[in-house]
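One structure is given here, and the rest of the page talks about it.
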Amino acid sequence: MEEIRIEENGKLGPINAALIPRYAGAGTYARLPRLDQVEKADIKIVGVPFDTGVSYRPGARFGSTHVRESSRLIRPYNPAVDISPFALSQVADAGDMAVNPFNINEAIEAIEHNALELTEDGASLVTIGGDHTIALPLLRAASQRAGGPVALLHFDAHLDTWDTYFGAEYTHGTPFRRAVEEGILDTEAISHVGTRGPLYGKKDLEDDKRFGFGIVTSSDVYYQGVREIVDKLRDRIGNRPLYISVDIDVLDPAHAPGTGTPEAGGITSRELLEILRGLRGMNIVGADIVEVAPAYDHAEITGVAASHVTYDLISLISDLRHGKGMK
Ligand SMILES: [Mn+2]
């Protein structure tokens with residue numbers, strides 16, 4: 001079947017849903033073109049189907065495919081920020097990285113290598129995981145491209161700054177501690193958003209603070225509201241190169257049941273999207289969305305949330321590259 005696509009501004013866009021129903025055909029993210037179908041992509045979406053770093057429920061290796069499948073209803077115009085992200089920038093789906101499921105160290109190296117390769121031409125990378133282990137090699141690549149440590153906004157129920165599990169240093173609960181140790185984060189400008197739930201002890205928070213992390217808890221979002229939080233985050237980060245990592249478990253299990261380590265009392269998908277939109281114009285150098293585990297999802301609730309988060313991340317980056325980039 002011929003793919004009939006929307007073309008706007010010389011950019012090859014999604015398959016035209018007025019001519020080919022959204023549920024038909026093989027699914028790329030938002031039915032965008034594959035990387036090999038465009039001359040050059042400004043923004044590349046890549047899957048990393050890897051979940052060997054999980055500590056509880058496995059299954060995030062199927063997240064990349066699930067988020068793509070749940071993104072068929074994404075439309076080309078984003079009214080919340082008044083831009084058409086796929087017409088402003090050429091966006092393409094680069095497929096999945098093939099990484100070793102039996103060797104975490106080798107997988108981490110492969111992810112870093114692939115991320116560097118995909119950004120060699122100056123493209124921005126938006127990654128769909130996979131478990132949170134993948135954030136470490138993605139941050140390594142991002143800081144290398146940025147020419148130094150990057151600021152980080154980490155949306156998650158958890159801190160992910162623990163030290164080891166069963167002696168393992170590289171897991172989905174440790175990427176940001178490793179990243180601080182490696183000196184790839186600008187510790188003047190790193191923050192968790194949406195954390196909650198029980199910890200092993202108070203020391204978890206003391207360690208985290210010592211690494212330089214600020215914390216906006218899920219309760220803070222409730223009591224202070226999105227606007228105040230966005231203002232604080234913007235003040236703290238300024239125009240530094242900023243990496244955004246979104247663990248879907250930042251959302252309440254009501255909004256994202258399909259994930260590996262759910263915690264009650266999370267923020268809503270509306271709050272998450274509004275916080276992201278508040279980051280408009282910031283110097284975003286890369287982003288990931290991780291920990292979607294479709295075996296625990298129902299009616300694509302988690303997949304749809306993740307696909308929309310991805311859409312707003314793409315919108316921010318597209319706007320930054322070719323739009324007004326203004327708040
Ligand atoms: Mn996480």
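Cβ atoms here come from the backbone N, Cα and C positions, even for glycine.
Values in this document were obtained by computation on a predicted structure and should not be read as measured data.
Per TrEMBL, the Mn(2+) site holds D156, H158, D160, D247, D249; the candidate it also names there, chosen from H113, H132, is H132. Counting every protein chain shown, 25 other Cβ atoms lie within 10 Å of the Cβ of D156 (Mn(2+) binding site). Minimal Cβ crowding within 10 Å, among the binding-site residues H132, H158, is found at H158. When the binding-site residues D160, D247, D249 are compared by the number of other CB atoms within 10 angstroms of each CB, D160 has the fewest.
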